[in-house]
Amino acid sequence: MFTGSIVALVTPMDDKGNVCRASLKKLIDYHVASGTSAIVSVGTTGESATLSHDEHGDVVLLTLELADGRIPIIAGTGANATAEGVCLTKRFENSGVVGCLTVTPYYNRPTQEGLYQHFKTIAENTELPQMLYNVPSRTGTDLLPETVGRLAKIKNIIGIKEAIGNLSRVSQIQQLVNDDFVLVSGDDATSLDFMQLGGHGVISVTANIAAREMVELCALARQGNFAQARLLNQRLMHLHQKLFVEPNPIPVKWAAKRLGLIATDTLRLPMTPLTDAGCSVVEQALKDAALL
């Protein structure tokens with residue numbers, strides 16, 4: 001459940017900015033039918049930063065309800081205050097989630113010791129499996145391999161989503177952890193190379209709109225069929241890249257609406273709709289990927 005193509009799911013909203021139950025159900029059904037390994041609910045792509053604390057929990061619980069056991073759900077539980085991270089994680093204890101994805105604290109930029117103590121404290125306050133999430137471009141803090149190695153010794157810290165974009169991190173981390181520690185990419189554009197170096201999959205933005213393709217890509221990579229995987233990835237590369245023509249999740253929400261997967265591309269301020277220029281770029285990327 002922590003390997004293969006895991007979707008970083010968008011949080012669909014109606015025209016008024018309220019969570020849209022019907023669109024969320026449609027998305028979940030799409031991923032069940034496509035064979036997606038698991039859903040991350042309310043991560044970065046799910047607009048965790050603009051949902052209230054209560055809404056955050058409510059969306060995860062609604063996702064669990066609508067999934068109804070058909071696909072594993074991983075809860076996004078990142079916070080830049082350790083106590084809040086503990087509180088959010090505890091809300092999902094015994095809820096049915098299979099684990100939590102916990103981003104490094106953002107904005108306050110803790111030291112490596114602070115990062116270690118943050119994740120250690122959260123892990124010690126739950127039985128839920130914890131997956132670390134390193135994305136320095138958003139948080140301003142880099143979780144270094146040595147710190148990951150220390151954290152990997154904690155029994156319920158089971159892996160990391162590594163989105164630094166530096167492929168050397170795969171081997172650096174592998175040298176410091178046991179073989180059962182899960183390494184997944186957080187960058188669609190480099191995810192195939194990440195898997196070829198020994199990674200186990202990807203937590204994917206692209207999978208929101210190309211679920212079957214990302215499932216196939218990961219399956220080919222896990223089988224060692226990198227020649228076929230590269231052919232597929234070449235078709236998707238423009239899409240991987242152009243889904244970030246404006247800040248995530250602006251482009252992918254527009255694309256999901258364009259493909260009829262969600263009813264609107266509504267976002268919460270300060271996120272604003274995709275510009276006309278961005279729409280043209282993403283439209284072409286969808287065509288290049290043979291999705292239109």
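Using the three backbone atoms N, Cα and C, a Cβ is placed for every residue, glycine included.
What Swiss-Prot says about this one:
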type	residues	note
SITE	THR44	site 'Part of a proton relay during catalysis'
BINDING	THR45, ILE203	pyruvate binding site
SITE	TYR107	site 'Part of a proton relay during catalysis'
ACT_SITE	TYR133	active site, proton donor/acceptor
ACT_SITE	LYS161	active site, schiff-base intermediate with substrate
Next item on the list: Go through TYR107, TYR133, the listed recorded positions, and name the one with the sparsest Cβ surroundings, counting other Cβ atoms within 10 Å.
Entry: TYR107
Check: Are any of THR45, TYR107, LYS161 (the recorded positions) within 10 Å of TYR133 (active site, proton donor/acceptor) when you go C-alpha to C-alpha, and if so which?
Finding: LYS161
Item checked: DSSP three-state assignment (helix, strand or coil) for the residue listed as 'active site, proton donor/acceptor' -> strand
Next item on the list: Show which residues of the chain containing THR45 (pyruvate binding site), separated from it by at least 6 in sequence, have their CB under 8 Å from its CB.
Entry: ALA8, LEU9, VAL10, VAL205, ASN208, ASN248, PRO249, VAL252
Notebook entry, point to check: What is the interatomic distance between the Cα atoms of ILE203 (pyruvate binding site) and TYR107 (site 'Part of a proton relay during catalysis'), given in whole Å?
Noted result: 23
